[in-house]
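As recorded in Swiss-Prot, the features of this protein are as follows:
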REGION    1-229  region 'Pyrophosphorylase'
BINDING   11-14, 25, 76, 81-82, 103-105, 140, 154, 169, 227, 333, 351, 366, 377  UDP-N-acetyl-alpha-D-glucosamine binding site
BINDING   105, 227  Mg(2+) binding site
REGION    230-250  region 'Linker'
REGION    251-456  region 'N-acetyltransferase'
ACT_SITE  363  active site, proton acceptor
BINDING   380, 386, 387, 405, 423, 440  acetyl-CoA binding site
């Protein structure tokens, strides 16, 4: 059988009142990206040719936060129920394609579960995703006859036998475009809320003698939504534990999975060790035998083999060569590139600079817009003065240079190979090869000096 084309509808128009936030509900993040972005990504992985994103509250924020997403923006000006939301996108449906309905506040739905749902969809019928709950209170119960779904009964309308049913509706469903358009046009709003409900499609399909089947999600968390921050935090912890478990099984030593956050993607080598309270953001690549100390934050970095990053260091948009040592309390800002066997120590900040092989910047130093050669020693308290209040300028330091403590290098300036700069020096002109430069005033000794006396 030829596989049908697929489109997705993502309902994301809700305000999220219980979030107590100016952000639309679906823009609140788990694992570093908006809930709705997780759903969009899953729809892409599923092979959806079109993704119709139904939006309403906070429309400008939605469009700005998701500006790069390949979606068809469909505005729902009034929120009149789930069927009304899907109906806004119905003009875009092709009759012979499958349509899967997803929810922007249920971010953990997986490609594998949706594939099973699509595969189970009967011709001209509906496949409904359900789940078994130990406590189904408040959810619509699934009523079956001969295995098929004949109705969804809401809690308030259920009789005693129906209240004992554990299988409930998740709202996720698949049907073809023609059937969706036909049934959506017949949905009424004759209910207490005066809204148009997607669950009414089940009865309409049965009226037309079209089969409705149910596929059960094996993991309840896949279909859990987040209506408040407590539920959002529960989804976050679940996903973080799932990600940490996967990494542990791949050989990464995460000392405490409950205190590890992955907010992006992590590519890793062998024998990687990650201590507690480490945050990984964006795209991070770790080589073999990398050790990351407690409390570090790594964002969009590439780390070579045998690197140790000591506690409480922050690295962003940087590259670190093999056998380097970073921290503790180091900061690598965007554009920092450290060669092999470099040392960057406590309270050192490096931005948009390269540091050559074997060079050391060990204490209390700022290096910005600079090039440092190999086997250099940059002493404590050194500052590259790269900004004149309007423009940035470069400092270029050659190989085998020794820069003494408390030195200021006022850019633009070049220091040639083998130069030595004495402690406390301010460099304003280029330094030649193998030169010693020192600008300190002569030390004076004044005998019998009397300290000032406080006036009464």
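We number each residue from 1, going along the chain as drawn.
Even glycines carry a Cβ here, placed using N, Cα and C.
Keep in mind it's a predicted model, so treat the numbers as computed, not measured.
Features recorded in Swiss-Prot, as mapped to the structure shown.
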residue: 14; record: UDP-N-acetyl-alpha-D-glucosamine binding site; CB count, 10 Å: 23
residue: 104; record: UDP-N-acetyl-alpha-D-glucosamine binding site; CB count, 10 Å: 26
residue: 154; record: UDP-N-acetyl-alpha-D-glucosamine binding site; CB count, 10 Å: 15
residue: 227; record: Mg(2+) binding site; CB count, 10 Å: 14
residue: 363; record: active site, proton acceptor; CB count, 10 Å: 16
residue: 386; record: acetyl-CoA binding site; CB count, 10 Å: 23
residue: 387; record: acetyl-CoA binding site; CB count, 10 Å: 12
residue: 405; record: acetyl-CoA binding site; CB count, 10 Å: 17
residue: 423; record: acetyl-CoA binding site; CB count, 10 Å: 15
residue: 440; record: acetyl-CoA binding site; CB count, 10 Å: 12
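A separation of roughly 64 Å, to the nearest angstrom, links the Cα atoms of residue 380 (acetyl-CoA binding site) and residue 81 (UDP-N-acetyl-alpha-D-glucosamine binding site).
Residue counts for the region 'Linker' (230-250) under DSSP, helix first, then strand, then coil, are 20 helix, 0 strand, 1 coil. Residues 380, 386, 387, 405, 423, 440 are recorded as binding acetyl-CoA; their most distant pair of Cα atoms lies 23 Å apart. Taking the C-alpha positions, the distance from residue 14 (UDP-N-acetyl-alpha-D-glucosamine binding site) to residue 363 (active site, proton acceptor) comes to 51 Å.
All protein chains shown were included, and the count of other CB atoms within 10 Å of the CB of residue 377 (UDP-N-acetyl-alpha-D-glucosamine binding site) stands at 17.
It is 66 Å from the Cα atom of the residue listed as 'active site, proton acceptor' to that of residue 154 (UDP-N-acetyl-alpha-D-glucosamine binding site). Each of the binding-site residues 11, 380 was assessed for Cβ neighbours inside 10 Å, and the highest tally belongs to 11. Proximity note: of the listed binding-site residues (11, 154, 377, 386, 387, 405), 11 have a CA within 10 Å of the CA of residue 105 (Mg(2+) binding site), given in sequence order. For residue 387 (acetyl-CoA binding site), the nearest of the binding-site residues 81, 104, 154, 333 in terms of C-alpha separation is 333. If you compare Cα positions, residue 377 (UDP-N-acetyl-alpha-D-glucosamine binding site) sits closest to 405 out of the binding-site residues 386, 405, 423, 440.
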